[in-house]
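Colleague: Straight out of TrEMBL:
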type	residues	note
TRANSMEM	B:12-36	transmembrane segment
TRANSMEM	B:43-60	transmembrane segment
TRANSMEM	B:66-83	transmembrane segment
TRANSMEM	B:95-114	transmembrane segment
TRANSMEM	B:149-169	transmembrane segment
TRANSMEM	B:198-217	transmembrane segment
TRANSMEM	B:274-292	transmembrane segment
Amino acid sequence: MEPRLALPAAAGVALVVGLAAAAPWLKFVFTIALAKGLAVLGILLLLRAGQVSFGHALYVAVGAYTVAFARPGIGELLVLLPLAVASATAVGFLVGLFVARYRDIFFGMLNLAFSMVFYSLLEKLYTYTHGTDGIRVDRPSFAGILLDRVPYEWVMLALVLALSLGLGALARVFLASPLGQALPAIKTRETRLEFAGISARRVLLVAYVASAALAGLAGGIIAVTTLHVTPLLAYWTHSGELVFIAILGGGGSVLGPFLGAIVFELVRVYASAAFPDAWQMILGAVLLGIILFASRGLWGLYEDLVSRRGARP
Amino acid sequence: MTLLLLLAILDGLAYAALVFMVAVGLTLVFGVLRVLNIAHGSFFAIGAYVAATLGTAAAATAAAPALALPVLLLAAVLVGGALGPVVEKLLLSRIYVKDHVLQLLVTFALFMVLEDVQKLIWGVQPIFQDAAVKALGPVEVGDIVYTRYQLFLLPGVAAVTLIGLMWFLRRTLTGRVIVAVTHDREAATAMGIDAQRVYLLTFTFGTMLAALGGALASPTTSLVPGIGVNMIVLSFAVVATAGLGQIEGAALTALLIGLGRSVAVYFAPEFEVVIPYIIMVVVLLVRPYGIFGSPELRRV
């Protein structure tokens, strides 16, 4: 990671750990926020190709339900999370084979359709999923050790911080690679990409499967953090949230998703309690504002701030 | 068995008529404005809620049974006339030049806003108002007692809408102007056509169709939060299966998907929601641009 990002990343980690130590309830909020940040990182990969998915909550739910189904038999966190990633990757590959043929409207809406189908299946197949009641997940062990609640929360936060840093760096390497560089080409002129001998469908499929894997990991983390999974994880509002965070954070940097996710979750803790029935409305209005007036998101604002200070004599 | 099948067909017809009303507005707006309006589902839901509110108010008056049907139309005109122009002027007219993803995001954001507007106005408790169904009464089909509303009115309105729309677009001046703008906006503008006005008109009309679909659906179901999203996803499936922008095609696929779904309701209820999408996926695998659609030219 180049120094330009290393500094804000290190500052972010210090801030998260410091705040979580000062206010214990923030551990939970930050863990969920960073998990969502991982899913949004996947959305960012797709956004680079100019594609937006309104259905990535599908993979979050696949990851979470994988953990919920496997937990009675498997008690180890370090096995459960890879399982969640594996199943989301598999589903992402199958769905991706189909949706990677499409762009723009079809891409977005087909993803929405798949996620809503999965949602209603989770709701209706009561014998397996317990419908809207959801499934309780027992706290798993970490590296063979059963932890109490407070140390467990610290371990989860540390784990998700490490994952965010590692996968964020990996995403950066990926975006700089030839394959990653082909993504913006899909957005500008796909035909030219194909004239250069590169299959746009395959490039998009790789990004799509990666985004599904990231969302599945996020789902797994959410399941072992909230210790309860419900079909709501797959609902369209949840997919909308992921897209919202991606736009809020800004697509310019791999740190954007995490910045966006933390701001989003912090605001949500207060706002959704104060206005439970107007929460989507606030999100929608802010989303409109960002798209129409500040399209580079929070990260863009940060960059403006830094470059202005740098320009000063 | 045959009884169930007959019931499934009757249900499917009525349901297909409702889906068609929404899908045709969606596909018309897309055909002209080139924007897929996700908030179309909200217009459907708001139409349904306004119709229920007006229906309840009308039921309290002396002329109750006679008013039950007209208020449905009134709801559609009110919602379409109030929301359509505002949304087009304030929001959509700013984004015609932007790329598809941003357009989708804008209508999605509007959808989020309108979902909560419904919750704030009508709450989250189910609302039920079936005065219109009662006003028309029941009818016997073989051994089945069915409602006249679902057997005659819904398919009737859908058929009139389809035929009326085809006539309007092909035979009237305004209709032909709309078609001209759809085919080539620049050429049409050069001929002196006010494309902005055509957009405004089409969008308002499309909004009315969605609201009418909602108003017509309201007496047959309980209104709860979430009906908007189900309808937009389903009508997108219809529109995509037919090919974006295809009006007659939307009628046919609405029928196909409506019947498929209601057969599933009776014979495999767990998979009711999945059937429309299976139909869509199968069609799109064979014909990626829909049954009646044609591939867009690719720019180099």
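Backbone N, Cα and C atoms are what each Cβ position is placed from, and that goes for glycine too.
Automatic, uncurated: that is what TrEMBL annotation is.
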Colleague: With Cβ-Cβ distances below 8 Å as the criterion, list the same-chain residues six or more beyond the ends of the transmembrane segment (B:43-60) that contact it, or say none.
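Modeller: Here the qualifying positions are 22, 25, 67-68, 71-72, 74-76, 78-80, 83, 114-115, 117-118, 121-122, 127-129, 131-132, 207, 210-219, 223, 227-228, 231-232.
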Colleague: Count the CB pairs under 8 A between the transmembrane segment (B:66-83) and each of B:12-36, B:149-169, B:198-217, B:274-292, then give me the winner.
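Modeller: Comparing B:12-36, B:149-169, B:198-217, B:274-292 against the transmembrane segment (B:66-83), the winner is B:198-217.
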Colleague: Residues sitting near the transmembrane segment (B:12-36): Cβ under 8 Å, six or more positions beyond its termini, same chain?
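Modeller: Tertiary neighbours of the transmembrane segment (B:12-36) are 43-44, 92, 95-96, 103-104, 107, 150-151, 154-155, 157-158, 161-162, 165, 178, 181-182, 198-199, 202-203, 205-210, 212-214, 216-217, 220, 231-232, 234-236, 238-239, 242, 244-247, 250-251, 253-255, 257-263.
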Colleague: List, by number or range, the same-chain residues at least 6 past the transmembrane segment (B:274-292) whose CB is under 8 A from its CB atoms?
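Modeller: Cβ under 8 Å, 6 or more out: 234, 237-238, 240-244, 246, 248-249, 252-253, 256-257, 260-261, 263-264.
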